[in-house]
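Working notes for the structure below.
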Amino acid sequence: MAPAALALAVALLGAAPPGAAAAWDLRALRCGLSADCECGFGTDLRGLECDLALSLVGQPLVRQQLMKGLQQFLHGPSPAKPLVLSFHGSTGTGKTYVSSMLVRHLFQGGLGSPYVHHFSPIVHFPHAEHIEQYKENLKRWIQGNLTSCGRSAFLFDEMDKMHPGLIDVIMPFLGPSWVVYGTNYRKAIFIFISNAGGEQINEMTLDLWRAHRDREELSLQDAESAISKAVFENPQSGFWKSGIINEHLIDFVVPFLPLKRHHVKQCVVNELIQQGLEVRQDVVQEVADSIPYFPEEEKLFSSTGCKTVASRISFFF
């Protein structure tokens, strides 16, 4: 391998958890092909549902879709295919928060589990000119970790910043085949997180408001169609012309709705409690009022969701 390619491989694989080092030993191979190795996987769906209800602000559709997908996936000992979720919505609406909550209730150690793998395009795939090397590294890395533990989770953050064409290299791992490259991977979970599609979700939500309907009445079918079309046709999106979209390999497209002012206030209350501070209504109001809202005239929805709530509290307390 050329020095530059070797450096890239080291950069990508160096962050791999300890399980990846043993990916090719015989024990790992047997584990990958059998249905017996759960690798610290312990489902707490009741706890997850409770946590979503208590801690996730303003996203009942997310709770509905996520619990439906997990219950179907975990219903039997041998799922028909990996669970593939795609989270879409504007910044600050809870996408990353929900993904971390999900793995916390599914894996011992949560995001710190050696069987939960997180990818960032800025960290792992920064240079467009190295995309072919990234493809090879990514395929090998997923294959190795699934061989080590078929019950693994892979999180792909900021898909809107992923180089187009790169993510399609994992398509063989997302379908219903029993094995790929000698690896049983049907118990794996893949989660894509993206701001792409947020504009479409916001516009559909505004249309509901204009029709005097609740934002929660958003049609999931219409939202999925609009989001898929938007990311598939956007040349800046990691899903641009992607076979993952074209072949319908995503099981659940999960829309995160824009948050209204009363949702932001609830986020402020939650943050004050988390920081051990007194819940003062004047602080709650001032923090909520300091956040920009859209559209310009009506000011219905937070432009940044709850993303900046924690950093704003100190200015008013």
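Positions of Cβ are set from backbone N, Cα and C atoms, glycine also.
Packing around S90 (ATP binding site) is summarised by its Cβ count: 23 other Cβ atoms lie within 10 angstroms of its Cβ, all protein chains included. Residues or ranges marked as ATP binding site by TrEMBL: G89, S90, T91, G92, T93, G94, K95, T96.
Taken from TrEMBL, the feature domain 'Torsin-1A C-terminal' covers 262-316. Note on the domain 'Torsin-1A C-terminal' (262-316): mean pLDDT across this stretch is 96.
What TrEMBL lists as signal peptide is 1-22.
Those same-chain residues not listed among G89, S90, T91, G92, T93, G94, K95, T96 yet with C-beta within 8 angstroms of the centroid of the ATP site C-beta atoms are Y97, N195, G198, F256, G305, K307. Its own atom aside, the Cβ of T91 (ATP binding site) has 16 Cβ atoms within 10 angstroms in the protein chains shown. Broken down with DSSP, the domain 'Torsin-1A C-terminal' (262-316) shows 30 helix, 4 strand, 21 coil.
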